[in-house]
Amino acid sequence: MKKHSARVAPLASYSVSELNSPIPDGASRSSVTRCKPGANCPITRSGISRQLSPLSVAEDSAAPILELQSRSPSGICRHSRVERQIRSGEEGTQTHTENNSQEKQAQTRCQSCTATFLKVVWGFLIILSVSSSWVGTTQIVKITYKNFDYPFFMTWFSTNWNIMFFPVYYSGHLATAQEKQSPIKKFRECSRIFGEDGLTLKLFLKRTAPFSILWTLTNYLYLLALKKLTATDVSALFCCNKAFVFLLSWIVLKDRFMGVRIVAAIMAITGIVMMAYADGFHGDSIIGVAYAVGSASTSALYKVLFKMFLGSANFGEAAHFISTLGFFNLIFISFTPIILYFTKVEYWSPFSAVPWGYLCGVAGLWLAFNILINVGVVLTYPILISIGTVLSVPGNAGTNNAINE
C-alpha cells in the first residue's frame with residue numbers, strides 16, 4: 001500500500017504554467033520531469049517539466065467513457081424519439097397530401113359527371129325543341145299555302161326576323177353574365193368574326209352578300225318543295241344536307257376521308273333517288289324532289305363556306321352574323337318581292353287578305369329554330385342537334401296523320 005500511494009502525486013504538485021502550456025512538438029513523455037512536493041520545479045523554454053500522475057492517465061481514459069455515456073440508452077432513446085417524431089410528422093404530411101389529392105380527384109370526377117349529366121339533359125331538351133320548332137314551321141307553311149301561296153314573300157318576311165337574333169342574345173347576356181357590357185361594346189366584340197377591324201362597309205358587302213343569297217335560296221327552295229311534296233318527304237330530303245356537307249368538306253376544305261361517311265352519303269343519295277322514283281320521274285314529284293335537294297345543297301354550301309371564310313364562331317358571333325344577314329336582307333333584298341308583286345308573279349290584293357298571324361308564326365318558329373341550333377352547340381353535343389333535325393321526319397309524319405284524321 002505504501003508503494004502504491006507513493007506513486008500518486010497530489011494535483012497541487014503541478015504548476016499552473018505547466019497545466020496551461022501546450023507541449024512542444026519536440027517534447028516527449030520521457031523528457032518530462034517530475035517535481036517532488038515542496039521542491040522548486042524548473043521551467044525551461046526548451047521543454048516543459050511535468051509531473052506525471054495516474055490522474056492524467058485517468059482523464060485520458062475517461063474521455064471514451066464519457067463519449068460512451070453520451071451514447072447511453074437514455075440518449076439513444078431521446079434521439080430515436082426525435083427521429084420517430086420527425087418521421088411521424090413526415091408521414092402525417094404525406095397522408096394529408098394524399099388525402100387532399102384524393103379529395104380533389106373525387107371532386108373533379110363529381111364535377112365531370114355533373115357536367116356530363118347536365119349536357120345530356122340539355123341535349124334532350126334541345127332535341128325536343130329543335131324537332132318541335134322545325135315541325136311547327138313546316139306544318140304552318142302548309143296551312144298558310146291554303147290561303148297565301150307566295151313563297152318568296154314568306155322567305156323575305158321570315159328572314160327579316162333574323163335582326164332580332166342579336167338582341168335576344170344580348171338579353172341572355174344581361175341575365176346570366178356577371179360582368180355586364182354595354183350593347184355597343186358587346187356588338188364590337190362580336191364583330192371580330194369579320195376580322196380584327198370589325199364590321200366595315202366593305203366587309204359587310206363582301207362577306208354578307210354571298211351568305212345572304214345562299215340563306216334566301218335555301219329557304220325559298222324549301223318552301224317551293226313544300227308546294228309539291230308532303231311535309232314528311234321534304235323533311236326527309238332536307239336531312240340529306242349532312243351528306244352534302246361531308247362531300248363538300250372533303251373536296252373544298254380537304255377534310256379527312258372517312259369511309260363510313262362516304263357510305264352514309266351514298267345511302268342518302270340512294271334514298272333521294274328512290275323517293276323520286278316512287279311516283280315516277282315526272283310531274284310534281286320529281287320537281288319537288290329537285291327543290292328539296294337544291295335546298296339541302298345550298299344549306300351545305302352555306303355551312304362549308306362559313307367554315308372556310310369565317311371559321312368557328314361562338315354564340316355571340318353567330319348571333320351578330322345572323323342579325324347582319326337580316327339587315328342585309330331588309331336593305332338589299334327588299335326590291336325582289338316588290339318586283340315580283342308588280343310583275344304579277346306574286347301578287348295579292350287586298351293587303352287585308354294577308355294572313356299575318358300565320359306569317360308571324362312561321363317567322364317566329366324559324367327564328368327559334370336558328371337560335372336553338374346555335375344555343376345547342378354551346379350547351380350540349382352537336383350530334384344531338386342533328387338528331388333533333390332528323391326527328392322532324394317522324395314528327396311531320398305523325399302530325400300529318402293527326403291532321404288527316
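The backbone N, Cα and C atoms fix where each Cβ goes, glycine too.
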Stretch carrying transmembrane segment according to TrEMBL (options 318-343, 370-395): 318-343
Candidate ranges 117-136, 148-170, 234-253, 318-343 - greatest C-beta contact count to the transmembrane segment (286-306) (under 8 angstroms): 234-253
Tertiary contacts of the transmembrane segment (318-343), as residues 6+ beyond its ends and Cβ separation under 8 Å: 152-153, 156, 159-169, 187, 190-191, 193, 199, 204, 208-209, 211-212, 215-216, 310, 370, 374
